[in-house]
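Below: one structure, written as structure tokens.
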């Protein structure tokens, strides 16, 4: 279930005006076939990302549904950076998130990723309760990156506390998005195979609270040191999490994450947004070749 973030800017043909998301996905699928790694998943923006504006047009909706069905893709949408239903603007935000969820349903997108805030679990649950569930579309709460806040949601204990509250409140269609760069930035050392295995075994221990069917990953290396609180992604084995394991990859924490993802068939997205299409495709070719070697 491996794939990548598909940016309209870097993947669509020049001059594209009406069906740019579909066009981007078509080019992305063709690229996967070209490098010998047929993609099973993808992540897109259907709104924003920095403004509360829907940016998928009517024609694009029709064609995107066909494209997703044709290639049997698992696609998730990333919410805008304003999608914070536990904020003071929650009435407007909740309405906008509801629009995004309905569009996801309409075009065959399986989930919407929202950034978790560094706030108490009860505030997050109260915000989620304002959103009406949309059948077949999961809201994935993404692990945040922070340094000083009490609630980082990078430890299994805090993840369990949050999802117990979610379950006990009766909320449906809520999942977890684990960003490896974020939990590293928040102070969790996942560089070695053994350190990652310890964290992931603890995650498996709470599968009764948050099942793997409701877990996805943002598979990113990080350009900053562990516990920095700074979110800066890097290509796999090019950042500070796993670069020291580039010549002994099966001893890396990344290898353990790939084992978990494969074992439980979780979607995993590489989030890369480089300067040009050529830079992006060069980086992704190397990364997916590495993943291919893991999966042999």
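Cβ coordinates come from backbone N, Cα and C, glycine included.
Residues or ranges marked as disulfide bond in Swiss-Prot (evidence: similarity to another entry): 16-20. Feature annotation from Swiss-Prot assigns Zn(2+) 1 binding site to 78, 271; the stated evidence is similarity to another entry. Per Swiss-Prot, Zn(2+) 2 binding site is recorded for 115, 142, 218. Sequence annotations record features per position, and here Swiss-Prot assigns Zn(2+) 3 binding site to 182, 231, 233.
Feature annotations (Swiss-Prot) mapped to structure.
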residue: 16; record: disulfide bond; Cβ contacts under 8 Å, 6 or more apart: 8, 23
residue: 20; record: disulfide bond; Cβ contacts under 8 Å, 6 or more apart: 8, 12, 60
residue: 78; record: Zn(2+) 1 binding site; Cβ contacts under 8 Å, 6 or more apart: 5, 43, 44, 45, 49, 112, 113
residue: 115; record: Zn(2+) 2 binding site; Cβ contacts under 8 Å, 6 or more apart: 79, 81, 83, 84, 142, 144
residue: 182; record: Zn(2+) 3 binding site; Cβ contacts under 8 Å, 6 or more apart: 142, 143, 144, 145, 154, 218, 231
residue: 233; record: Zn(2+) 3 binding site; Cβ contacts under 8 Å, 6 or more apart: 181, 220, 221, 222, 223, 239, 271, 272
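Counted over every protein chain shown, other Cβ atoms within 10 Å are most numerous around 142 among the binding-site residues 142, 271.
Among the binding-site residues 218, 231, the residue whose Cβ has the fewest other Cβ atoms within 10 Å is 231. Other than the site residues 115, 142, 218, same-chain residues with C-beta atoms no more than 8 angstroms from the centre of those residues' C-beta atoms, the Zn(2+) 2 site, are 78, 113, 114, 116, 140, 141, 143, 144, 177, 179, 182.
Reduced to three states, the DSSP call for residue 142 (Zn(2+) 2 binding site) is strand. Neighbours of the Zn(2+) 3 site: apart from 182, 231, 233, residues of the same chain with C-beta atoms within 8 angstroms of the site's C-beta centroid are 145, 179, 181, 185, 218, 220, 222, 230, 232, 271.
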